[in-house]
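Step one of this worksheet: look at the structure below.
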């Protein structure tokens, strides 16, 4: 093929615009600030002039000879090959398209438009120095696979542009031995066998510069850039190469081409099958090793091979599994303490005095409780809540208070120690200075049309919008997010109103007398019908809002136009989490802090909107209901997510294999096998992080009501790690390796949850549980002057916390309140601290109420200040970066600078020597004629 020195772009009419998703900005070609590679490339990335190949909207191409097409080769029968047919050039990326000539023709000529855009794009890829080789599918004659290879010159040029760190020399720093030397046998049992997965050699690294090639540790050109780095570089090029100009506006990037259907897929290759080793002796078989030592169920007890995960999938995937593994390890301690607190409550439930009073027929059996709704709700005896009161003793005990304080300290320890571990990974994985080297997104580059003066360099630079424009964009984005949060809050309020209103309807419509021959009537009570219908409606609303908001959040973030991929993901993360936070936790916050708190008293209940009576807690109390809610949500969510993550990709791949069964006898190449795997979603690991952070919230925010939450989370996470590993290694195409310094916006989100958790747990213990009223009774109201007992005791607590109400004081008593069956009783009891009827301040809050309120507020303030003080001390005492890691970073910087400086001095000395020698020769040559 002949070389050309300029891009080939299609100049098309406006009506021929492709079917894009509109997520990438377009600007005039003359104002595009794309990076310009070095002169050694085959051509320039930007147009030097307006001499472009003009392709008319109809008819044949006028400059067909300018297109450079990939070489077509037949499949050579080597199913495990990762190289072109020549066996020398490695496949760094694969593009897949459907041959337009084999499609059914359409009236609009879309097939021809797609073909010309694809040809222009591939021609420009070749023009940028990439090698392309096309092979038709073995199983489907319509599909064509374009294999992409980046030669050495291209890799070096873009490694310098992307500031990729590469090895200078082997690392000579000694690693510190384990502090648990005597337990080496145990850690060795849990670790991956080093004879199977060999430890990676450590190097001092520096950003690559081609003019200092001799300073870098280049043993073999074929292995100097590992496959993950090669794929990163190729994807960087694919994302920025243009293929069309329309009205002097450039269209560019593989993402746009895939979204518009011109290409069906674009992905790097797995190196082998996950089930067995490759037949190619040069293949490292990293996918096979990851499946065997990481994703396989038999490795569930082993540590994760994080270095190999990072090497194969990139730092972004590696840091996720490192964080998830560390979180799971820390959950082990929380689970042990939580189980201990649970067992404490379980074995002491028989000693619970107030529960015994509830169950006692002579106490709880003789207490008549008031109805909990205006009509059709009966009076009931307190002892029917006997079983729920026993269960409440398990969770509403002194152990719960201890556990809540412990979790406040635990979450701080987890976050601080994770920062240290993250700093170690930053050093080991060469991401310490990632923020400085991260490139701008092509979508951001496309919109850089405004020229401003950089305050630091005092040089001109291009930005996408002015300060005023940025302020307007941020305001619009914040308003949109706030609107959707208010929308989900409105839906929650709507569900509450629905529950309040429909309960009365079901009570009136459903049969009042049970028919023994109809089993449905036995279970379809008004409470059950209300709960089921409200849950279904809530589920439907949540799913609809989730689906809509995900797209809205992406649109808002695209409009916001963050500069780098990290900024983009962090911005999207915050938007999505704020919505999901309200979505997932609103019901728990309602039960914990609102339900049953503002109900008035039987003679004067509180109504919503003037007509809906406020909900009261279940007979067992709101704490037990909150515990039940958390158990169902955490357990059900974990089971559903794991089943969905396993079954959905497996079923999709199974369906794909079923459709290809006719050609199953044929040997298919590596790229075709990978193509039929499932693609990873656009948001990548976002939903994996979101699932874990939501779980983290349940574990910390409401742990005072459910000490077993860390245990459930621990079991779920042990399975989650292996399920995610199994998905990545067996069911999904290989992801494009990406750099990541940390877990991004999830870190401040966890810190915010940790602070909020202290407040919520203190308020749950104070306002949702009965711990404070019991303590007030024990220390103040069981003995004189308020009590009748000689010693501090819990006897009489139930009678003291239930107020009296005169049945004759019911409003609307002619509208169906069932007073029959009460005998001579004229009063009923209700849960509150009010004066009895006949008192000068009847139905007003008594002194016990004000003692309890003061004690609750004092408890919240004291608990918050104590835990926050401990958190501050721990945060101050534990540095974010360990002393050893700081020393390693400083040592590497010193040796790197020394090595590069010495190399530069050697070059300078050598050059000065050559210059001096030449000057001496010139002087001698000039003096010799005079001497002669």
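Each residue, glycine too, has its Cβ placed from N, Cα and C.
The compositional bias 'Acidic residues' feature in TrEMBL is assigned to 11-24.
Across all of the domain 'Anoctamin dimerisation' (83-306), the predicted model scores a mean pLDDT of 84. According to TrEMBL, the feature domain 'Anoctamin dimerisation' maps to 83-306.
Under the heading domain 'Anoctamin transmembrane', TrEMBL lists 309-892.
If you look up TrEMBL, you'll see 1-31 marked as region 'Disordered'.
As annotated by TrEMBL, transmembrane segment applies to 320-347 (among others). Residues of the same chain lying 6 or more positions beyond the ends of the transmembrane segment (320-347) and with a Cβ under 8 Å from any Cβ of it are 303-304, 306, 309, 393-400, 402-403, 406-407, 410, 413-414, 417-418, 421-422, 425, 685, 688-689, 692, 696, 699, 703, 707-711, 713-714, 717-718, 720-721, 724-725, 743.
Long-range Cβ contacts of the transmembrane segment (398-418) within its own chain (Cβ-Cβ under 8 Å, at least 6 residues beyond either end) map to 323, 326-327, 330, 333-334, 337-338, 340-342, 344-345, 699-700, 703-705, 707, 710, 747, 750-751, 753-754, 757-758, 761-762, 764-765, 769, 771, 863, 866-867, 870-871, 874-875, 878, 880. If you look up TrEMBL, you'll see 398-418 (among others) marked as transmembrane segment.
Per TrEMBL, the feature transmembrane segment maps to 481-508 (among others).
What TrEMBL records for 528-549 (among others) is transmembrane segment.
The transmembrane segment annotation in TrEMBL covers 576-594 (among others).
Counting same-chain residues at least six beyond the ends of the transmembrane segment (692-715), those with a Cβ under 8 angstroms from any Cβ of the stretch are 324, 327-328, 331-332, 334-335, 337-339, 341-342, 345, 395, 399-401, 403-404, 407, 411, 577, 580-581, 584-585, 588, 592, 623, 626-627, 630-631, 633-635, 637-638, 746, 749-750, 753-754, 756-757, 760-761, 764-765, 768-769. The transmembrane segment annotation in TrEMBL covers 692-715 (among others).
If one looks beyond the transmembrane segment (749-769) by at least 6 residues along the same chain, the residues whose Cβ comes under 8 Å of a Cβ in the stretch are 396, 400-401, 404, 407-408, 411-412, 415, 573-574, 577, 592-593, 597, 621-623, 626, 693, 696-697, 700-705, 856-857, 859-860, 863-864, 867-868, 871. Marked as transmembrane segment by TrEMBL: 749-769 (among others).
Tertiary neighbourhood of the transmembrane segment (847-878): same-chain residues 404-405, 408-409, 412-413, 416-417, 420, 754, 758-759, 762-763, 765-767, 772-773, 775-777, 780-781, 786, 800-801, 832-834, selected by CB-CB distance under 8 Å and a gap of 6+ residues from either end. The transmembrane segment annotation in TrEMBL covers 847-878 (among others).
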